[in-house]
Amino acid sequence: MMCQKFYVVLLHWEFLYVIAALNLAYPISPWKFKLFCGPPNTTDDSFLSPAGAPNNASALKGASEAIVEAKFNSSGIYVPELSKTVFHCCFGNEQGQNCSALTDNTEGKTLASVVKASVFRQLGVNWDIECWMKGDLTLFICHMEPLPKNPFKNYDSKVHLLYDLPEVIDDSPLPPLKDSFQTVQCNCSLRGCECHVPVPRAKLNYALLMYLEITSAGVSFQSPLMSLQPMLVVKPDPPLGLHMEVTDDGNLKISWDSQTMAPFPLQYQVKYLENSTIVREAAEIVSATSLLVDSVLPGSSYEVQVRSKRLDGSGVWSDWSSPQVFTTQDVVYFPPKILTSVGSNASFHCIYKNENQIISSKQIVWWRNLAEKIPEIQYSIVSDRVSKVTFSNLKATRPRGKFTYDAVYCCNEQACHHRYAELYVIDVNINISCETDGYLTKMTCRWSPSTIQSLVGSTVQLRYHRRSLYCPDSPSIHPTSEPKNCVLQRDGFYECVFQPIFLLSGYTMWIRINHSLGSLDSPPTCVLPDSVVKPLPPSNVKAEITVNTGLLKVSWEKPVFPENNLQFQIRYGLSGKEIQWKTHEVFDAKSKSASLLVSDLCAVYVVQVRCRRLDGLGYWSNWSSPAYTLVMDVKVPMRGPEFWRKMDGDVTKKERNVTLLWKPLTKNDSLCSVRRYVVKHRTAHNGTWSEDVGNRTNLTFLWTEPAHTVTVLAVNSLGASLVNFNLTFSWPMSKVSAVESLSAYPLSSSCVILSWTLSPDDYSLLYLVIEWKILNEDDGMKWLRIPSNVKKFYIHDNFIPIEKYQFSLYPVFMEGVGKPKIINGFTKDAIDKQQNDAGLYVIVPIIISSCVLLLGTLLISHQRMKKLFWDDVPNPKNCSWAQGLNFQKPETFEHLFTKHAESVIFGPLLLEPEPISEEISVDTAWKNKDEMVPAAMVSLLLTTPDPESSSICISDQCNSANFSGSQSTQVTCEDECQRQPSVKYATLVSNDKLVETDEEQGFIHSPVSNCISSNHSPLRQSFSSSSWETEAQTFFLLSDQQPTMISPQLSFSGLDELLELEGSFPEENHREKSVCYLGVTSVNRRESGVLLTGEAGILCTFPAQCLFSDIRILQERCSHFVENNLSLGTSGENFVPYMPQFQTCSTHSHKIMENKMCDLTV
């Protein structure tokens, strides 16, 4: 049997560097790329010969070549096989096209791998590589997977990643040396290999150079050089907290938590699968942390995943988050449950699906408990599919068996689904709380009536029943109870005091609400005074910070009452206006002190203690009086102060004055005070010595040695600081320049940013010190100590824009202080920008001044604008009729806007052009006593005669009337009368001889007939030969001298005699009388015209239905229309029957006239 032994085929793949520039590195994309290596006959020429590379192998003769030997040992015979083949490795797509190799076209040199082997004559070696920066920006990861046709196995492969990360950013760096690359071992598994490269956060924007070395089955491969920027290939972590909910609008809201660790904004890609009546898959990219999916459908399921990426498009998409599934029911209620209180409002939304069909919101009806249909006025249509119902002023839910909620159903017009929403409405009962004082002498009970519904006319009262011992298991309202007087306090609570009390007796209490409709009792509660004790607070409370241990020690003494075991609670905090309290529990009843760990040992703490029964019954006592700690040293200072120096003297001389400056230690560093500072000096020749500077924060000494080291110590009452800062002054180190550049940019008057670059050196940089001051001023220098790895720093100070500042940056090494970089003023670009922005400071004041000027102009022209747009309201005091009126009295305005208090004279009213005739007759006596008229009568003819019936129709009422007298005549009238335009006439008749008869008769109320027939009336005969026949005839009666209202009683015979009087009026023996006028109105205003005015200002209207019906005039309140002994003269010159006059009446007379007099309107 022959055994064959295979020797390992060794492939050495050497990388050829073109030493032209660093741009030979291949810039990889921030996503997946592929590495192809293969013999010439496996791919086309484009794969084997990159752009700019020659196709023949003779161009590579100058390169060093590795020999691959395949050795077979068969039966102890060594058989070597040699063949030479040139292999190329490049990056490209899966088909091997557009394969890139790095060449230098100017010199014709190619970066390639030269390989001699016959084992890869037919197959190439290909890998799939992906690189990214981890989301927390701490680790750079490259993942490599072999393609399916790769002949090597991962488990037999060893992969190393070699990388170089420069120290500084430079546009034209030198080519990297091979020895400068660092090696990282990659972890390989069956699926692939993964390499981890740690990248400092400060170098994320630097160019990272790297390449891969792969060893498998004894064969080594080396990839081309790759270049990338870690910040551009960041792969964030998948979003967390993915959840979904249905909004009030019926949309599905997908939300997730934002990644707060990412230093840049992110975009998110949401992938969801909707499975409802149709299957829909969508992916959307958003910048917010939520996404609304329109029109959520009932009976659907949504599977959602989210991933993130940098918002600017660079970087790598994160992995998808874990899928979340959200399923909706056939009927969707949102929200499905509501818990609310009495009197509030609540709304439900619903989407109804029936047999794979969405019901329109217009067809949805709502039911409560499937027994009460909710009125449609409470419905609202949110969208075509979403319906809303609103409950206003909710009442308490009535329990139905075990159901303590109302079931709200969203139904179709034909049927309801079994799913429902739940509505909980809670009514809070009246809570009675009682507490017994610390001396165990009285019990105070409090309760609030706010939970009682507003009930008009109700009263509240506390009633109680005392049981001899303890409380019953279930307290109930006792039939014999006593009321307790309670007093309403300012806080709205009622307070009742029970004194004396029985500690072990049970007091059952309840609130009774008394109302006229009945009384209501709140649920009773039983109180045991011994179980509601509020103890007295602990006394003699002390607090202190212990020395060396640094603990807050609190001690107290327990109260005398009660005698039960007590637990204690301590609260403590930093003393100030707003104390942030912390609490500590002490359950040991015998304990009288406690020690607490505090963070600030040098602060003043305020401490209080309270107690309660250990078994939990009763209340906490009030807090004790506060106790305060004293600030004292508890430990030696934690460290010495940070310090810096200021140099004086000539820099060329060997002796210079050095002034040390340091900042006082804080309490937390000094623990808790500093009594003095000590400066230690160390030199090579003079040894070591110390100086005590007391509480000063500076010290000046003479620097004469080549190297002088100083240390500043802080000393308190317990000793000196253990950790201190050293500063070495060295002449050789003062010439070391480590700062290449320094720039200062003003951001505002209170902030300046400094940026710098450092040059590499052989010294160990400890930290940097920034100095700044006003240029050409020795005083006012300020300084800051910053870490050595910082490249820029924000200085916050009060910078004066017109001043020039000097900025200095000192590198501090272990060996001493290096040479500073000093700049005078800000960087030129920043100054130009400020000068360009100076125009803004000029434009803004101009705009503000213009606005102020415009506002002033508007205020000055306010009166003109007011007259232009609004009419000027006249001042009543400038009117003649308002002279002498006091507008401060309310009565003035009452008379002013209702009726004038005095007569207002108008000119004569112009009559319409119509024929006028008048006749005045005065009769002194009646023919017989029975026919006498007990009052003066004035006839006013206002109607038109009916040519057919020869009658006069006065009113719409057709009733016959008897004129009281010796004779009576039956009068008939027509129902309707045709009225024609006419002029009003009046006849004035006075009889002073009938006064006594009038007084004897008294007040007679006998209405005159509403209609007078011309066929039986003696008036027609009396007026047959006069001008009255041509006009309409109506009678108007006025009382004569009677203090009361008189309705005359007439007969036609007496009226006939009255009209036959043609005598003269006597003028002597009569005093002047006032006259009452009749108003004349247009015939077109017959229904509402004014007919009668008087001296007292009576303005009356005469409706047709009231003509000759109960006509009265108040004689003593208005002017006498006809006096008893009226004398107008025989000629009648002095009597003017028509003088239209509009006058006013007093308020009192006006009211009487309105109440007791009929309107006189035709």
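Glycine is treated like the rest: Cβ placed from N, Cα and C.
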Could you check Swiss-Prot and say which of Asn187, Asn1125 is marked as N-linked glycosylation site?
Asn187
By the record in Swiss-Prot, which of Asn695, Asn1015 is the one labelled N-linked glycosylation site?
Asn695
From Cys188, Cys195, partner that Swiss-Prot gives for the disulfide involving Cys193:
Cys188
Entry from the disulfide-bonded residues list Cys131, Cys142, Cys188, Cys195, Cys416 having the most other CB atoms no farther than 10 A:
Cys131
Return the residues near Cys496 (disulfide bond), defined as same-chain residues 6+ apart in sequence whose C-beta is under 8 angstroms from its C-beta, sorted by sequence, else 'none'.
Thr444, Cys445, Arg446, Leu462, Lys484, Asn485, Cys486, Val487
Looking at the disulfide-bonded residues Cys142, Cys193, Cys195, Cys434, Cys526, whose Cα is closest in space to that of Cys416 (disulfide bond)?
Cys526
Of Cys195, Cys350, Cys410, Cys411, Cys434, Cys471, which disulfide-bonded residues come within 10 Å of Cys188 (disulfide bond), going by C-alpha to C-alpha distance?
Cys195
Over all shown protein chains, what is the count of other CB atoms within 10 A of the CB belonging to Cys410 (disulfide bond)?
24
Which one of these disulfide-bonded residues, Cys350, Cys434, Cys526, has the sparsest Cβ neighbourhood, judged by other Cβ atoms within 10 angstroms?
Cys526
Cβ-Cβ neighbours of Cys471 (disulfide bond) (radius 10 Å):
16
Cys471 (disulfide bond) versus Cys195 (disulfide bond) - Cα distance in angstrom:
77
How long is the line from the C-alpha of Cys411 (disulfide bond) to the C-alpha of Cys186 (disulfide bond), rounded to the nearest angstrom?
65
Going by Cα-Cα distance, which of the disulfide-bonded residues (Cys186, Cys410, Cys434, Cys471, Cys526) sits nearest to Cys131 (disulfide bond)?
Cys186
